Amino acid sequence: MVDKGAKGMLQAMEEAGDASVSPGAGRGVNEWRRHTHSTPSVHPKMAAAQGPVDPSSPEQMSWRMISQPLHTGVEGTSHSLHPAESGEAWAQGEAIPTRDITHEAYEDESENGFMPDEDHSLQRGNWGNQIEFVLTSVGYAVGLGNVWRFPYLCYRNGGGAFLVPYFVMLIFCGIPIFFMELSFGQFASQGCLGVWRISPMFKGVGYGMMVVSTYIGIYYNVVVCIAFYYFFSSLTSVLPWTYCDNPWNTPNCVSILENPNITKSTQPSAMLGNVSQALNQTLQRTSPSEEYWSFCVLNLSDDVGNFGEVQVHLLSCLLVSWVVVFFCLMQGIRSSGKVVYFTATFPYVVLTILFFRGVTLEGASTGIKYYLTPQWDKILEAKVWGDAASQIFYSLGCAWGGLITMASYNRFHNNCYRDSVVISVTNCVTSVYAGFVIFSVLGSMANHLGEDVSQVAEHGPGLAFVAYPEALTLLPIAPLWSLLFFFMLILMGLGTQFCLLETLVTAIVDEVGNQWILQQKIYVTFGVAVAGFLLGIPLTSQAGIYWLLLMDNYAASYSLVIISCIMCVSIMYIYGHQNYSEDVQMMLGFPPPCFFQICWRFISPTIIFLILIFLVIQYQPITYNQYRYPSWAEAIGFLMALSSVICIPFYALFHFRRTDGDTLLQRLKNSTKPSRDWGPALLKHRTGRYAPTIPPSPEDGLEFQPLHLDKAQIPMVGSNDSSRLQDSQM
């Protein structure tokens, strides 16, 4: 009976040799063989009943085919059967360690008897330690918006009173969504595309995340390149935006160092001329930093459609930015995980230095009071709550795909619940801390000019490249503080840019999923970096700042909210909150707290939907200074926003047409069910409903079945709407 069963199984597996095996399952088999080296490769009851078995016998070859990786030609699977190194060892059930030919870094260790950590994925790799993941995620979340957007929102929306809705939104929306995305990527060990095996019909959400990350990655590195240019310009004894004696200055320029008693409300008589009125309709002075920004750095054109010439100095800095990003990511997380030890921590050193320097300035207390003095009446305004929710949502980087990607390189049992709380709180505390740094210096400048802080406060590029640089000129050794400030901006921008690029590269590699692209990942990284550089060239033209702000206002606003809302609904209501809670419990050892489950199902989606309504109600045509964008430019902006969202219905229709079913309802149900390879990547973690069918011993009196991970116990809908198991009977 043994011989007949084994031969039948061998024949069936030979006939199914060309059948597709799921990438996740294949990877699990490969990893299972590598890590469970103490498990006998011969079924123990067969060995006991038969005694020593010849390695070439059908029985032994059958079990070797099950226990060894099969030739599948998909990600994570080997391309040949490993021969036994000792026939006697195989017959006695001893383990023979195998080698992974695609990961040469582990070959020597395997030959010397060293086996990697059981949770380590040799195919995709893992973080060297958990600190690397936390620092990378902090660098991703803590970006330029923490410095140039939050302080402005805080003082505009009630000062200290704004912190109340800000932290309420953090608790009820920010941390829950952050935790959902981290657990989503960590459980499946896949990027923003691969995770949608959970419900293949919604894979368009992953494509939408890729489109958003592409837009942000293009213009974000342009901002970094401008910071590089300011950094290089600060390598001088006198900052070039200190005085008005430069070739790019106009008669309207008034330096606060040359005319210490001049304020914006008291203008020199020269500004009353016709030229002055044409250039400055408000009859306000033009600072050297503002003219340096507009006429030297940008060489700004008069219209969004007038691209003019590419600014060579910005193009050179853009090349430097992309070269730095590429070399930091050329070996994936193995290289970027080491770089973040510096890029994610040194900004806090610079913030602390600038903080202590700022609070010691005359008038700093005025700026800090303006920043934090609560205006409790504003807490009742809907706009304040809308701004708080929007800032939390965007500053954490939700729906960009980066959180899912970074978490996919975690070990399966990592406590991502703890990480989500730590990283989210760190991001928000950094925003508040940066506000002290900004407003202490702006308060000093307002005191010097004799003006109110509101007259010198800016946000966005105006704060980072105009207002704050001008304030730095008042400090002793101004170039030193300028170097520190722009170096901090560079590191903050690079931390976010690393994750944006890795998100795109990981999605491409996971989607193709074969051995070749895993081995040639560096070329994928290089290709994405080159494409990002080429697409960023128009943003270095004379109209570049117009297009940069257009992309920032449209490509990464409405679409992010819609994508995030659909992600919550698809996981909680299509896949099922109970199923997802069980997945998290399998991974962490405890279920998600009830508070998070309630937020995932009700509170967070509601807040996200309200954010969308708020954005629509509060919509205003985009402007830059006194320039208002034409209607055709706004139309392009809406098309950019639509380009990421449209991926969701288009892919849903595409997948629906390819799904089998006797009726439309059956096809709809089948298209939203998890695919065969959804679940943990490593076989050792596939327990419970993810456990594959294990072939029993012939002496158990059961039918002998081979291992087919891609067809294991997946419920499908039959013609009578009843659930059935899609198994392969060999």
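The chain as shown is numbered from 1 upward.
For all residues, glycine too, the Cβ spot is worked out from N, Cα and C.
Feature list (source: TrEMBL):
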- G139, A141, V142, N146, S395, N427: Na(+) binding site (BINDING)
- C244-C253: disulfide bond (DISULFID)
- 13-60: region 'Disordered' (REGION)
- 163-184: transmembrane segment (TRANSMEM)
- 205-232: transmembrane segment (TRANSMEM)
- 310-330: transmembrane segment (TRANSMEM)
- 339-356: transmembrane segment (TRANSMEM)
- 421-442: transmembrane segment (TRANSMEM)
- 480-501: transmembrane segment (TRANSMEM)
- 522-549: transmembrane segment (TRANSMEM)
- 555-577: transmembrane segment (TRANSMEM)
- 598-619: transmembrane segment (TRANSMEM)
- 631-654: transmembrane segment (TRANSMEM)
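The CA atom of N427 (Na(+) binding site) is located 39 Å away from the CA atom of C244 (disulfide bond). For the recorded Na(+) site, residues G139, A141, V142, N146, S395, N427 set the reference point as the centre of their Cβ atoms, and the other residues of that chain within 8 Å of it by Cβ are V138, Y140, G143, G145, L396, G397, T426, T430, S431, M492, T496. Contact between the transmembrane segment (163-184) and the transmembrane segment (555-577) is present: at least three CB pairs lie under 8 Å, with pairs separated by 6 or more positions in sequence. Cα separation, C244 (disulfide bond) to V142 (Na(+) binding site), rounded: 35 Å. Two recorded stretches are said to be in contact when at least 3 C-beta pairs lie under 8 angstroms, sequence spacing 6 or more; the transmembrane segment (205-232) and the transmembrane segment (555-577) meet this definition. Long-range contacts of the transmembrane segment (310-330) within the same chain: residues 221-222, 224-226, 228-229, 232, 297-299, 336, 339, 494, 497-498, 501-502, 505, 522, 525-526, 529-530, 532-533, 536-537, 540-542, 544, each at least 6 residues beyond the stretch ends and with a Cβ under 8 Å from a Cβ of the stretch. The two recorded residues, A141 (Na(+) binding site) and C253 (disulfide bond), have Cα atoms 38 Å apart. Of the ranges 339-356, 421-442, 522-549, 555-577, 631-654, the one with the most Cβ pairs under 8 Å to the transmembrane segment (480-501) is 339-356. The Cβ of S395 (Na(+) binding site) has A141, G143, G145, N146, R149, F150, N427, C428, S431 as same-chain neighbours under 8 Å, each 6 or more residues away in sequence.
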